[in-house]
């Protein structure tokens with residue numbers, strides 16, 4: 001895999017998809033449908049998915065592609081594959097809260113090794129560079145030409161005063177009970193895969209997720225966090241969260257900066 005070419009393509013497609021999403025986001029009204037699993041989908045999800053899928057298939061026709069919005073891709077079985085959530089945080093999008101992201105990642109041997117997370121309404125973009133280190137690009141963004149970037153890195157956490165980030169739309173009592181096991185200095189809520197990126201930049205130390213997610217929800221954010229020195233582990237046994245599972249469903253997990261003294265739930 002030519003990682004330099006891959007990251008240029010993934011970055012460009014994420015920005016182009018973000019432009020398409022924002023056109024719909026800024027329109028007076030848009031259609032919201034319900035999928036078979038009762039989750040919402042909008043024309044923005046579908047338009048972004050079509051753009052990203054076509055772009056990836058054109059440049060990487062021999063690499064398997066898994067995308068949330070194409071059910072026939074959910075039977076894919078490959079050691080190396082691209083995985084896409086064209087609009088993570090659809091509920092945030094519908095409520096016009098801005099915390100939604102475009103997510104594209106490469107998984108190799110069960111590990112997300114490269115990824116891009118773009119939050120178009122927030123004007124923030126994070127990705128792994130060609131050697132796997134994570135950066136945040138400083139806007140304004142040009143799809144054709146990468147701009148100035150700064151390398152991002154997790155913090156050295158203090159277990160006496162942790163910064164915790166949790167889901168904005170999927171917060172529950174179990175999550176609150178688990179967070180209560182820690183000495184928390186401050187707590188913030190964020191939507192979509194932005195939570196991984198907040199840990200990656202040092203804006204948070206810990207992100208526990210005790211709820212349903214799929215691999216396309218997490219792969220890009222996981223790659224960005226790993227490239228910034230962070231870790232993502234299963235909630236039950238603290239083993240690494242792996243990818244390419246049957247059905248692409250994730251167990252509960254914890255994303256964190258090394259140095260956090262993880263608690264058993």
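Cβ atoms are placed via backbone N, Cα and C, with glycine included.
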For the Mg(2+) 2 site that TrEMBL assigns to 85, 88, which of 205, 217, 236, 237 is also named?
217
Residue among 68, 69, 203 sharing the Mg(2+) 1 site, where TrEMBL lists 85, 87, 88, 217 as binders:
68
Tally every other Cβ atom lying within 10 Å of the Cβ atom of residue 87 (substrate binding site).
29
Conformational class of residue 68 (substrate binding site) under the three-state DSSP mapping:
coil
